[in-house]
Structures are given as structure tokens and as C-alpha cells.
Amino acid sequence: MLRFSTAGESHGESLVALVSGLPAGIPVAQEFVDRELWRRQQGYGRGGRMRIERDSAHILSGVRHGKTIGSPVAMTLANNDWKNWTEILPVETGDAEKHKAVASPRPGHADLAGALKYDFKDARYVLERASARESAARVACGALAKLLLKSLGIEVGSHVIRVGKAELGRDASWAEIAAANAKEEVFLNCVDAEAEARMKAEVDVALRTGDTVGGVFEVVVHGLAPGVGTHVNWDERMDGLLAQAVMSLQAVKAVELGRGVTAAESMGSTVHDAIAYEGADEAFTKFSREKNNAGGIEGGISNGEDVVVRGYLKPISTLRRPLASVSFETREATKAAYERSDVCVVPAAGVAAEAMVALTIARLVIDKFGGDSLRELKRNYDGYCEQIRNF
Ligand SMILES: Cc1cc2nc3c(=O)[nH]c(=O)nc-3n(C[C@H](O)[C@H](O)[C@H](O)COP(=O)(O)O)c2cc1C
Ligand SMILES: C=C(O[C@@H]1CC(C(=O)O)=C[C@@H](OP(=O)(O)O)[C@H]1O)C(=O)O
């Protein structure tokens, strides 16, 4: 079974990532993993921290001579900002300059709920782990899942379809998404220059007014065979697993599969993807669809169309013009804490969601096709593809 976990705090020495259950023989290129990490750091509207960090995964185990060997892969990702935090003292010292406490919780962040839960008078002990810095470790894990999927011809990408009120307003093809993801510069990771300019204007308003802005990213899985995931048990459904995986990312507040949201207000005749028998030669089967409102999943099972997952991000909660809060010390009204912050993270969250989606799909692929080596897994996958071609 493919499993992964992360450890590490935002301003601690390092993030840690651990992935187990990968078959042996997956080629692991350091440049690929680091490029994924770089992509997550990009995007218009990110704050000062991204000028400090330059993420790279230090692979400690599970890879030999550039290929996985079936044992758990352990990785560390250094926090460059750590050196700026080594002199910080506990809040009990009473020296405000030296302890940098977050003593007026930020509405929308984990500060208040976490401080109450863990009995901290300084919300920094909470935010250190609540911070989306952790998503860098997920991206390192996801890069390995992507490399496994790539060996089977399955690709995962993302693009931004909304920032604040500015939306793309049309479908994007896989080719457009892949081209956007291959760019050497990431701005708002939108496939359309005109829409991207409107999105930039939304970020500019937030930057100017001391506010923040959310949006929607779309993750697409291209080239996945039908039949992965299952309807037979609630916790093995691909839709449910994807929703949990993407929702678990910091600031994601809704997940949509295909056109799940508008489907609820439409008639069945316009929503469901009619079936024909005229698929292209390179398709998995001759069964084909003209449209993909289902987002590639029916009954919790992939149906051979692109899997489409959207994540809806709330606006960032740390505001340069802070909202009302209360001091932990005096219990008097004050402003929420502010030091520095991202203003818009939709492109970065999309990359983190790619990782979560890749890990989920890779897990289901390994569950179905098994294999201790990539060769064995690929033989099983190819054999199954042959079976459905002859259905
Ligand atoms: C890539 C990324 C970067 C983020 N950067 C910030 C930030 O700079 N400031 C902030 O307040 N929240 C930021 N967040 C959101 C918080 O981590 C998140 O709102 C917080 O942990 C509370 O969790 P919740 O929003 O899921 O409830 C970021 C989220 C992502 C995905
Ligand atoms: C460090 C990252 O994101 C951080 C996520 C984050 C938060 O509260 O989630 C707060 C900010 O951290 P800081 O307060 O140090 O500027 C972001 O920079 C990252 O994405 O690598």
C-alpha cells in the first residue's frame, strides 16, 4: 500500500517526507522533484518568505543509482528561514523582542482553535505546523507518485480557473494545461493571457488595500485507464479519496469533481455524458464520450476520461490591515497579528493539489495492479489495458 507522511514546522530546521509502498525501479530524477518544488513556490501574490526559500529534496533512502529500490523513501527539505529563528526565546521570558509571540489570533488561521486545544498562550506553537509550508513536503512525495504514474503514461497537471472574481470562463485542453505547467516562469498559471490579466488585477487590488484573495484551481489527470477505484466500499471510492486528499490542503474549503457544482442545478439530460462507440484508436476502449461533466469518475471508478478535480481556496487569513481580535494576555480588543504574508496562493495550492491527486491515484493504481517492481506493475497494467481493449 502506498503511504506517505510529513513532519516539520514552518520555521524549524527542516521538513521531513516519508513515502513507502513504491515499487522498485522507478527512475527518480532529482531535477524533476526539485522542479515540482520550484513550481509550488511560484505565483504572483506570494509574500517575502518565498524570496528566502529555494526548496530542494535531499533524498536519504529508498533510491539507489537513480531508481527506487522498494524500501521507504525518506527526504528532508531544509528551511532557509530557520537560521533567523534560532535565537527566539519562550514567551515566559517576557522579552517581547526575543520571543516573537503571536498573542492576538488571526481569524481564519488555526491560531485560536489550536491555542485553546493545545493550551498555548502563544499561537506560534500552533501556526508552525498549521502553516502551508508543510505542503512542500507533500509536493516532494507527490513528485515520486508522478514519476510512477508517468512510467504508465499517466500525467497530472493543474491550472488556475479563478482568482477572486476573475475567472477563466472556458474549458482548457490537456495540451494547454501541460504547456502552462512546462513554462519557465509561473505567473498565475492560467492558460489564457487575457483571463490571467484580469486575475492579476484582483491580486493587485488585494495588494493595494492590505487584503487577500482566494480562488479556484483545477487538477487534471490525463491518460488514466478506466476501472481504477471502486464502488464496492465507501472508503475505496476514487471520488471520496480525492475529495479528502485535496480538502486536506491548507485553505481549501470546497472540492468539486467534474461539474459537480453546476450539476446540482441542471437537468440530468444536460449533465450526463452520453456514451458512443467511436473512440480513437489510441483510446483505452471504443466506448467514448463527447463531454466530461463527470470529471472522469462514475461510481467512484475512473471511466477513461480525464479526471478533473477543482479546489476552492478561501482568501489568505493574515491581512496587512488586520481584522479585529483579542489579546491572549489582556483579553482586550486588538488587531490580529501581522508580520508578512502571501496575498494570493492559488497557483501554488494547485501544484500542492497535483501532488495530493497523484499520490491518491498512484495508491489506487498500486492497489489494483500490485507488483513489487515497476516492471511487474507495468506488465499488470498493460495486460489489463489489453483486456479492456478487447472487452
Ligand atoms: C501555498 C499556501 C500558502 C499559504 N500561505 C499563507 C500565508 O502566507 N499566510 C496565511 O495566513 N495563510 C497562508 N495559507 C493558508 C493557511 O495555511 C491556512 O489558512 C491555515 O493553515 C488554516 O487552515 P484552513 O484555512 O485550512 O482552515 C497558505 C496556504 C497555502 C496552500
Ligand atoms: C513557507 C511557505 O508558506 C507560508 C505559509 C504560511 C501559512 O500560514 O500557511 C505563512 C507564510 O509563512 P511566513 O509567515 O514564514 O511568511 C508563508 O510563506 C511555503 O509555502 O513554503
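Cβ atoms are placed via backbone N, Cα and C, with glycine included.
Any TrEMBL annotation is an automated prediction that lacks curation.
Quick look at what TrEMBL annotates:
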BINDING   ARG40, ARG46  NADP(+) binding site
BINDING   ARG129, ALA130, SER131, GLN250, ALA251, GLY299, LYS314, PRO315, ILE316, SER317, THR318, ARG340  FMN binding site
Sorted by position, what residues of the same chain at least six away from THR318 (FMN binding site) have a C-beta under 8 A from it?
ARG106, HIS109, THR212, ALA336, ALA337, TYR338, GLU339, SER341, ASP342
Other CB atoms, at most 10 A from the CB of ALA251 (FMN binding site):
21
Would you count the other CB atoms within 10 A of the CB of ILE316 (FMN binding site), including those on all shown protein chains?
24
Out of the binding-site residues I have (ARG40, ARG46, ARG129, SER131, ALA251, LYS314), which ones have their Cβ sitting under 6 Å from ligand 2?
SER131
What residues, ordered by sequence, lie under 8 A Cβ-to-Cβ from ARG46 (NADP(+) binding site) and sit at least six positions away in the same chain?
ASP342, VAL343, CYS344, VAL345, ALA348
Which of ARG40, LYS314 has the fewest nearby Cβ atoms, counting only those within 10 Å, among these binding-site residues?
LYS314
Spatial neighbours, same chain, of ARG129 (FMN binding site) - Cβ under 8 Å, 6+ residues apart:
GLU9, SER10
Report, as a single number, how many Cβ atoms besides its own are within 10 Å of the Cβ of SER131 (FMN binding site).
17
Given the FMN binding site residues ARG129, ALA130, SER131, GLN250, ALA251, GLY299, LYS314, PRO315, ILE316, SER317, THR318, ARG340 in the record, what is the largest Cα to Cα distance, rounded to whole Å?
44
Of ARG40, ARG46, ARG129, the binding-site residues listed, which put a C-beta under 6 Å from ligand 1? Please answer none if none do.
none
